[in-house]
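**Student:** Next up is a structure, given as structure tokens.
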Amino acid sequence: MKLPIYLDYSATCPVDPRAAEKMMQCLTLDGNFGNPASRSHRFGWQAEEAVDEARNHVADLIGADPREIVFTSGATESNNLAIKGAAHFYVKQGKHIITCKTEHKAVLDTCRHLESEGYEVTYLDPQSDGLLTLPQIEAAMRPDTILVSIMHVNNEIGVIQDLAAIGELCRARKILFHVDAAQSAGKVEIDVDAMKIDLLSLSAHKVYGPKGIGALYVRRKPRVRLEAQMHGGGHERGMRSGTLPTHQIVGMGEAFRIAKAEMAEENVRIKALRDRLYDGLKDIEQVFVNGSTEHRVAGNLNISFAYVEGESLMMALKDLAVSSGSACTSASLEPSYVLRALGLNDELAHSSIRFSIGRFTTAEEIDYAIGLIRDSIGKLRDLSPLWDMYKEGIDLSKVEWVSH
């Protein structure tokens, strides 16, 4: 077993060797290196063929038509293109957007930008388990609502929203439905037709593909129109100009093909490892799982260890690659905004650790992690005066602290 152990698959995944192998064949002179937009020679035709094959694999995973797949640089760009693109195109129909407070920053900050352009955004509060209810979303809808943007699986707490019900509601009200599926593709079944999704953002590196490539699903029937955010040669049906990176697209296609073939079997194995990890930790005193345990992606376990600082625990767990909050925001020392939105106090939010398990995690690694975590929690609590006070039965919420 090699140290450190990687338990941060929600931040990124290593590229599957099968996808990496395919990518290597699209880089050098003796490989498929051409520009897919070069129509006048074989190098271009072969590259275009490879891109088309990958596009089919991406479409297959979500039940889409390949013509509905637009390649982008990743889910952040896809979210920007979907939300800004739809908001700008349909501005005459209204300027109201609905989203959730626990969305990824790529959605929240895009919405904030639109607010500066005069759009109105309703940010819904999730329930304490991280899920939204249908009446909540329906109550927020107005005659001028043009878009609802809700993520499928949350990147921090792994909860799965009921997209089919939300899609049904949006379609009945003739409101566009955008889904950030960066964390769910390859882990949870997605059917864009059955779920009545109009726009769906995808990322390759969360599905064991390369970084720097993603896609946006844009429905053709009923047709969804977007205003391009990137202008140039008119690639990707005018929605996203720029030379297509054949090697990255091929890597993404192969990763999505593997995901479709192996997802069901892989989920059983990963969920067993996740349960093994939780079973090894659940009898520690004052340990809380954040987010719904029932509606949850297989590889995610987000736990708060009361009376232990998340940052100090991460330092103690230097042999484990885990995160406190998401990688995109964990550089700040603020408590997770996702956990705050669930109603957790600052102390519990600060004491949270996200473990995310993936394709290459082993039972041996999980057992090692359990031992290390239990040992570290014990040592850190021994150093904590707050833990001593808690053990003495003092209600810390009633203590009046004196500032110096």
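Heads up, the Cβ atoms here are built off N, Cα and C, so glycines get one too.
Since this is a predicted model, take the numbers as computed values, not measurements.
From Swiss-Prot, here are the annotated features:
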BINDING   Ala75, Thr76, Asn155, Gln183, Ser203, Ala204, His205, Thr243  pyridoxal 5'-phosphate binding site
MOD_RES   Lys206  N6-(pyridoxal phosphate)lysine
BINDING   Cys328  [2Fe-2S] cluster binding site
ACT_SITE  Cys328  active site, cysteine persulfide intermediate
**Student:** At the Cα level, what's the spacing in Å between Asn155 (pyridoxal 5'-phosphate binding site) and Lys206 (N6-(pyridoxal phosphate)lysine), rounded?
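**Tutor:** Computed Cα spacing between Asn155 (pyridoxal 5'-phosphate binding site) and Lys206 (N6-(pyridoxal phosphate)lysine) is 10 Å.
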**Student:** Would you give the longest CA-CA distance, in whole angstrom, between residues of Ala75, Thr76, Asn155, Gln183, Ser203, Ala204, His205, Thr243, the set recorded as binding pyridoxal 5'-phosphate?
**Tutor:** 30
**Student:** If you draw a 10 Å sphere on the Cβ of Gln183 (pyridoxal 5'-phosphate binding site), how many other Cβ atoms land inside?
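**Tutor:** I get 28 for this one.
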**Student:** Give the sequence-ordered list of residues that share a chain with Ser203 (pyridoxal 5'-phosphate binding site), lie 6 or more positions from it, and have CB atoms under 8 Å from its CB.
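**Tutor:** Within the chain, Ser203 (pyridoxal 5'-phosphate binding site) has Cβ neighbours under 8 Å at Gly74, Ala75, Ser78, Ala182, Ala185, Gly214.
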**Student:** Using DSSP and collapsing to three states, where does Ser203 (pyridoxal 5'-phosphate binding site) fall: helix, strand or coil?
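**Tutor:** Once the DSSP labels are grouped into three classes, Ser203 (pyridoxal 5'-phosphate binding site) ends up as strand.
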**Student:** If you draw a 10 Å sphere around the Cβ of Ala75 (pyridoxal 5'-phosphate binding site), how many other Cβ atoms fall inside it, taking every protein chain shown into account?
**Tutor:** 29
**Student:** When neighbour density is defined as the number of other C-beta atoms within 10 angstroms of a residue's C-beta, which of the binding-site residues Thr76, Asn155, Thr243 has the lowest density?
**Tutor:** Thr243
**Student:** Other than its own, how many Cβ atoms are within 10 Å of the Cβ belonging to Ala204 (pyridoxal 5'-phosphate binding site)?
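**Tutor:** Result for Ala204 (pyridoxal 5'-phosphate binding site): 32 neighbouring Cβ atoms inside 10 Å.
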**Student:** Cα of Thr76 (pyridoxal 5'-phosphate binding site) to Cα of Lys206 (N6-(pyridoxal phosphate)lysine): how many Å, rounded?
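**Tutor:** On Cα coordinates alone, these residues lie 13 Å apart.
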**Student:** State the count of C-beta atoms found within 10 angstroms of the C-beta of His205 (pyridoxal 5'-phosphate binding site), not counting that atom itself.
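**Tutor:** There are 23 of them.
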**Student:** Long-range same-chain neighbours of the residue listed as 'N6-(pyridoxal phosphate)lysine', Cβ under 8 Å, sequence gap at least 6?
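**Tutor:** For the residue listed as 'N6-(pyridoxal phosphate)lysine', the qualifying residues are Ser10, Thr12, Cys13, Ala75, Ala182, Gln183, Ala185, Gly186.
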